[in-house]
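Visitor: Positions annotated as transmembrane segment by TrEMBL: 27-49, 61-87, 93-121, 142-165, 197-222, 243-266, 272-295. Per TrEMBL, domain 'G-protein coupled receptors family 1 profile' is recorded for 42-293.
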Amino acid sequence: MPFSNSSELSPSFILASIPGLEAAQCWMAIPLCSAYVLALLGNCAVLLVVRAEPSLHAPMYFFLCMLAAIDLALATATVPRILSFYWFDSREISFAACLLQMFLIHTLSAVESTVLLAMAVDRYVAICHPLRHAAILTNGATAKIGLLAMARGVLFFLPLPLLLLPLPFCGPRVLSHSFCLHQDVMNLACANTTPSVVYGLTAILLVMGLDAVLICLSYLLILKAVLRLAAWRERLKVFSTCIAHICVVLAFYVPLIGLSVVHRFGKDLAPLVHIIMGNIYILVPAVLNPIIYGVRTKQIQRRILSLIHVPDR
């Protein structure tokens, strides 16, 4: 599809569609909308349940509320725009809106990564230093960690749109996803993008990469402490408190790594693969996180069942 010329100072971009399936996009939006609604309901339920249940007023569940708020913000920053494209064929997105969406996606992802690291540290302290847990991870400390996570995400990823702002964009400005990502927008610039490439890779390594290493380290220390216990039943009981967090970490990092691999090595892949991987990256954590903690936490189960008037078994 030819792209109309626009001012270099205010370019716009075309969101990706699936070649040959444009007529079916209206129907393809239905599962996407269903997943978005499920993410909204699940994460709002987590926020309401933790607020209403005094037994859940603990650092681990405050961190879970942070995850729920981040997932809500990330899904809302992307999915409604994708649905407007699929349902109303609104393919064009302005340069400013694209940069804002890109900033929100990368910043919120960085904040979520930091919160997942904080949850891993919480599990480490609770298992390896249980007597000091209440003194170390107080409610005040938990709030400060949340603010630090937000500041870290903003400081590391605010330069990304600023580095793209002065670049010229010429030729077809067609993205490979239904939303804006730094790598995708950067590849459309017709100028030297080395500073943007170097900074983007550095920011990802220093935030998501470092967080992943520290999460793995915390679980190695946890595993070392668990293996010191004499009975297998006691080992399983202690380690089972980490299962939900491990699943949430995998739900975040596996789509992130998959999307990175597709960007790096998937230039010859079908456009459908890029679009599906992008949507998985945005929606899978938002949909799965409430389900994982709902299944693993009896207090959340009871409160949700009471909200929908289902007798607790």
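Numbers run from 1 along the shown chain.
Note: Cβ is positioned from N, Cα and C throughout, glycine not excepted.
So that I understand the layout, could you describe where these features sit and how close they are to other parts?
Guide: If you look at the transmembrane segment (27-49), the same-chain residues 6 or more away from its ends with a CB under 8 A from one of its CBs are 18, 21, 56, 64-65, 68-69, 71-72, 75, 79-80, 82-83, 86-87, 279, 283, 286-287, 289-291, 293-294, 299-300, 303-304, 307.
Away from its own ends, the transmembrane segment (93-121) comes close to residues 10-15, 60, 63-64, 66-67, 70-71, 73-74, 77-78, 81, 145-146, 148-150, 152-154, 156-158, 160-161, 164-165, 169, 179-182, 185, 203, 207-208, 211-212, 214-215, 218-219, 245, 248-249, 252, 256, 282, 285 of its chain (Cβ-Cβ under 8 Å, at least six residues beyond either end).
Residues 106, 109-110, 113-114, 116-117, 120-121, 123-124, 127-128, 152-153, 156-157, 159-160, 163, 182-183, 186, 239, 242, 246, 249, 253, 256, 260 of the same chain lie 6 or more positions beyond the ends of the transmembrane segment (197-222) yet place their CB under 8 Å from a CB of it.
Sequence-distant contacts of the transmembrane segment (243-266), counting only residues of its own chain at least 6 positions beyond either end whose CB sits under 8 Å from a CB of the stretch, comprise 67, 109, 112-113, 116, 119-120, 123, 181, 183-184, 204, 208, 212, 215, 219, 273-274, 277-278, 280-281, 284-285, 288-289, 292-293, 295-297.
Panel annotation: around the transmembrane segment (272-295), residues 16, 18, 21, 32, 35-36, 38-39, 42-43, 45-46, 64, 67-68, 71-72, 74-75, 78-79, 82, 105, 112, 176-179, 181, 244, 247-248, 251-252, 255-256, 258-259, 262, 266, 301, 304 of the same chain, lying at least six beyond its termini, place a Cβ under 8 Å from a Cβ of the stretch.
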Visitor: Residues of the same chain, at least six outside the transmembrane segment (142-165), with any C-beta under 8 angstroms of its C-beta?
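Guide: Apart from its flanks, the transmembrane segment (142-165) reaches 59, 62-63, 66, 99-100, 102-103, 106-111, 114-115, 118, 182, 185-186, 189, 195-196, 199-200, 203, 206-207.
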